[in-house]
Each structure stands twice: as structure tokens, then as C-alpha cells.
Ligand code: NAD
């Protein structure tokens, strides 16, 4: 078997820690390590998993790591040097700064949705434009909302052809650990100008789609919800729409009898399934909401902002490194390793060593 591709994680917060765990689960990738600005509970857990921890600024951090008893493997530049590719999951805007380092060190890198499309010129969603990332040095995986929209838009466009898409996004105020974000008690048009940036962001991946979006921020940390309306070519039946959606593992149709009434129920489902971190990486489409009338298709979908981009990062690594030319094969490999589209309870053995995390999927 070919050597594993060595992946470094620069930025280990909400997204970075999930990408690191997902990389460690791939049998064609090895996690070089993760970079942290300081020791904290995330570094403590990463050390427990056997990940090598590098410091973003070793001069500032060395004594802190020493005091915390967390071994520091070197600087983030040492980590990047050892890697074949870097996944940058630093806060929005910092990726643009970090790109100068990757450029200088000649390392390919993936950036997240908080960075601008123009920075890489290629924005990515596995189903929609995998081929565009093949062999590229710099690619941006689009944001959580845009990733979910691209998956859905691509499935409907492939099946029926989209004439026009109108989407209202109800966005979570912050992630569970984002104590400085809000609102606490209000509904905020965000942005107040229309349309929102999400439509143009979808067009960075699928330029031919006519789409207009509006977004509101609400006081919750539990997922986003999209109210979606498509005008399509022809007049598909509801069954035809459901069948088109069922073809994609990353689109989960929530059966009505599950009695899932809200994002609260969906997140609880992730927890009781025993999904790692309780994550739900699929678009969660309420099957009862799916309706078809003439050339119109309507539905509600919920999007777990902390995790839906994780499989997209894994596929993006395979595309950029030329490890797999066939998007379906890469997506299948990623989905199976992460349990996507699998709604049987998970059993995850405690990881022993970075890159050698053992996972047992129920048959
Ligand atoms: P986060 O704040 O949770 O994590 C970022 C981490 O990077 C922090 O641990 C921070 O200490 C560290 N960091 C700071 N400066 C750094 C540097 N110079 N080098 C390396 N690491 C540094 O952020 P996040 O929510 O994980 O977001 C990361 C990116 O992912 C952003 O572009 C964001 O827009 C995007 N994104 C976030 C979400 C979400 O809902 N959280 C969803 C999809 C995409």
C-alpha cells in the first residue's frame, strides 16, 4: 500500500479538533500533529489521544506547556515541515496570515469558510466540485451553511435542473463554547441587507445556480435551519424528490415517525446514537417537510454547524493530494470511516496513538 499522506492541523478549535479526529480515522492518512496557541482542556484531551502537540508561538508557550505537564513537540513550523498538507482551521482571517507561511514553506493547504474565496480561487464541496480541487495547492472548504446548501442544491440540480433557489437561513447565534457571541434574546437579520452572502458563496462552487438567500441569527447553539424553495425544470412528484435525496449519504431524510420536532431532538439523537461528540454530519432534512407542487420543491433542513464540513475536509485532502480521482470513491471511504449515513449506535474504542485510532462499527 502507498505511504499514508501526512496531515498537519493548524488551529485546533471547533473545526480543527474534529478534522484531526477524522484524519486519524482514515487508513490512507496519518496525523502529524496539531498546533495550539496555549495548553488548555483541548490540549489535555489531544495529548490523551496521543496526538503530537506543537506550539503556534513556542517562545510564549513553552513555559505554559511545561507548567501544565503537556509535552510540546516543537513549533507549528516544525509540524508543517513534516506534513504533506496542512489543514488550517484557525479563526476567520488568521488563515490568510498563515497562508504566507505555507507559501514560503511550499506546503499545500486547506482553508475554512471564514476565509475569502479569492484567497485560494477554488472553493470546495465534495459532491458538487471534487474534480476542481484535484492537484491544487490551496483550496477553501466552504462554510457550514454553504456546504449544506451545496450538497442539497447539487442533488436537486442533478436530478431535475434548478431554475431558481430561494433560501432563508435561521442561523445559530454561536457554538456551545462561544460565550461572547449572541444574540441572547433577539432575532437579528444578519446581514440586514439582502441578499445575504450565502447565495454568492454557493456560486463559488456551483456558478450556474441562480440562488438568493436571506439570513437571521437566533439565540441557540443547536444547529442552523434552512427553509428552502426550488423552482425546477419539469414537475417532479414528491416521491421523485425523495428518491433523488436518498441517493446521497450526506443527506439524511428524518422519518416522520422518529418524532424529531426540532434541532434539539436532532442533537439529542446524535448523543444517544453515541456519535463522536454527538455530531450529526449529514444535512438533516425533515422528510415531512418535503413537498412538490408543479415546478416547486420545498423543504426544511437542519445543519450541524460544528461538524458538517468535516467529511468535506477529508475529501478535499484526497482530491488535492491526488490520492483518489473518483469523488464517489473518496466520499464513500470518508462516510464509512465516520459513520455518515449509518444510524446504528456507534461503538468507538478509546484511541491509542495518533493515526491509529481503532473504531469498531456495528455490523
Ligand atoms: P475556533 O475559534 O473554535 O478555533 C480556532 C483555533 O485556532 C483556536 O483554538 C485558536 O486558539 C487557534 N488559533 C488562533 N490563532 C492561531 C494561529 N495563528 N495559528 C493556528 N491556530 C490559531 O474557530 P472555529 O469555529 O473552529 O473556526 C475555524 C474556521 O472554520 C473559521 O474559518 C470558521 O469560519 C470556519 N467554520 C466554522 C464553523 C463553526 O460553526 N464553528 C463551521 C464551519 C466553518
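Using N, Cα and C of the backbone, Cβ positions are placed for all residues, glycine too.
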- Task: Given that TrEMBL annotates 14, 15, 114, 305 as binding NAD(+), state which candidate in 172, 238, 249 belongs to that site as well.
- Result: 172
- Message: Please check the binding-site residues 114, 145, 305 against ligand 1 and give me the ones with CB under 6 A, sequence order.
- Response: 114, 305
- Given the NAD(+) binding site residues 14, 15, 114, 172, 305 in the record, what is the largest Cα to Cα distance, rounded to whole Å? 16
- What's the CA to CA span in angstrom from residue 305 (NAD(+) binding site) over to residue 143 (D-glyceraldehyde 3-phosphate binding site)? 8
- Message: Please identify which of 15, 144 has the densest Cβ environment, defined as other Cβ atoms within 10 Å, among these recorded positions.
- Response: 15
